[in-house]
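**Student:** Can you keep this structure in mind? I'll have questions shortly.
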Amino acid sequence: PCWKGWSEDEQNLWPQRYIQLVVVADHGMFMKYNGDLAAIRKRVHELVNNINGFYRSLNIDVSLTDLEIWSDQDFITVVQSSSAKNTLNSFGEWREADLLRRKSHDHAQLLTAIDLDDDTVGLAYTSSMCNPRKSVAWGQDHSEEPINLLDVGVTMAHELGHNLGMNHDEEKKCHCGASLCIMSPSITEGPSLEFSDDSMGYYQSFLVVVNYNPQCILNKPEDQYYYILSPKHRIYSW
């Protein structure tokens with residue numbers, strides 16, 4: 001069964017949390033946008049702005065800490081023959097061994113232009129926020145039209161939700177004021193902009209369960225933002 005509905009007053013009492021996000025745009029993204037770094041930066045900023053908007057109802061501030069663009073080559077295997085799970089595993093290993101050593105952050109998402117799986121546009125570990133290897137997800141930039149930017153933003157927010165302890169919503173049992181909610185198993189009727197009562201309950205449980213109790217999202221981030229152009233890791237502040 002789903003959790004009860006959460007009143008606005010109850011939501012206002014939820015603790016403030018901060019997620020410092022790094023987005024890694026793979027080489028496929030670099031090629032898709034014809035090497036236009038400004039276009040990629042604009043795309044990612046708009047996506048993160050959407051994600052942050054979705055999470056305000058949970059009292060979570062999502063900020064873009066870094067954008068890394070793999071302009072010359074991918075640093076993990078990202079090809080159509082790769083399985084979705086293998087890509088997630090490889091990205092998590094790379095994050096732990098490389099990215100975390102260069103930049104402190106809470107969660108990283110790989111944004112790819114490659115169709116890794118006909119039925120999957122994103123994948124993440126569950127209840128893994130703050131884990132060095134598993135606080136990751138990947139999502140496909142599967143929408144060609146700017147007007148459909150929300151589709152990709154919802155995908156990224158959905159995968160982040162898994163890291164925060166959320167499971168998929170049960171069909172016809174969970175409610176968010178729309179026909180589909182962000183944690184619905186699939187997007188069939190257009191993207192939803194809200195989390196269900198069930199997702200909110202899973203998240204609240206994740207915060208208090210001793211085995212999880214993610215500490216990294218307690219810290220308010222600095223305002224400084226960087227993007228990094230691979231492979232020499234040249235750093236530009238904005």
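Glycine is no exception: its Cβ is also placed from the backbone N, Cα and C atoms.
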**Student:** Per Swiss-Prot, which of CYS130, CYS174 is disulfide-bonded to CYS216?
**Tutor:** CYS130
**Student:** If Swiss-Prot says CYS216, ASN219 bind Ca(2+), which of ASP106, ASP115, ASP117 does it name for the same site?
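**Tutor:** Answer per Swiss-Prot: ASP106.
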**Student:** Can you tell me which of the recorded positions CYS130, HIS158, GLU159, HIS168, CYS181 is spatially closest to ASP106 (Ca(2+) binding site)? Compare CA atoms only.
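**Tutor:** So, spelling it out, the nearest of the recorded positions is CYS130.
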**Student:** Which residues, sitting 6 or more apart from GLU159 (active site) on the same chain, put a CB under 8 Å from its CB?
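**Tutor:** Set apart from GLU159 (active site) by at least 6 residues yet with Cβ under 8 Å, we have GLN109, GLY122, LEU123, ALA124, ALA137, TRP138, GLY139.
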**Student:** Can you list, in sequence order, the residues of the same chain other than HIS158, HIS162, HIS168 whose CB lies within 8 Å of the CB centroid of the Zn(2+) site?
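**Tutor:** Residues close to the Zn(2+) site, other than HIS158, HIS162, HIS168: ALA124, GLU159, GLY161, MET166, ASN167, ILE182, MET183, PRO185.
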